[in-house]
Structures are given as C-alpha cells and as structure tokens.
Amino acid sequence: LYSIASSAIGDFGFGDSKLDFAVSRGIDDIMVDLAAK
C-alpha cells in the first residue's frame, strides 16, 4: 500500500522536494495511526 501511494505521489510530479518530504511524512503518520488502531 505504501509503495502504491508513493508511486501515485511521484506521478503527480511535485517539483518541491520539501513538499514531497512533507507528503511522505504525512502518509507515514497516517499508516502509524491506522496500525495503532
């Protein structure tokens, strides 16, 4: 699931690496939240 999400984000082609980092961290946080429930 994570790799699919990463691929989808990559397909959007965000040029700002800081934005990429923020988005990927956000996904990590969501995954952690889901895993904790």
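Just so it is clear, glycine is given a Cβ too, placed from its N, Cα and C backbone atoms.
As recorded in Swiss-Prot:
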type	residues	note
BINDING	SER3, SER24, ARG25	NADP(+) binding site
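Cβ contacts within 10 Å of SER24 (NADP(+) binding site), excluding its own Cβ and spanning all protein chains shown: 14. When Cβ atoms from all protein chains are considered, those within 10 Å of ARG25 (NADP(+) binding site) total 10, not counting its own.
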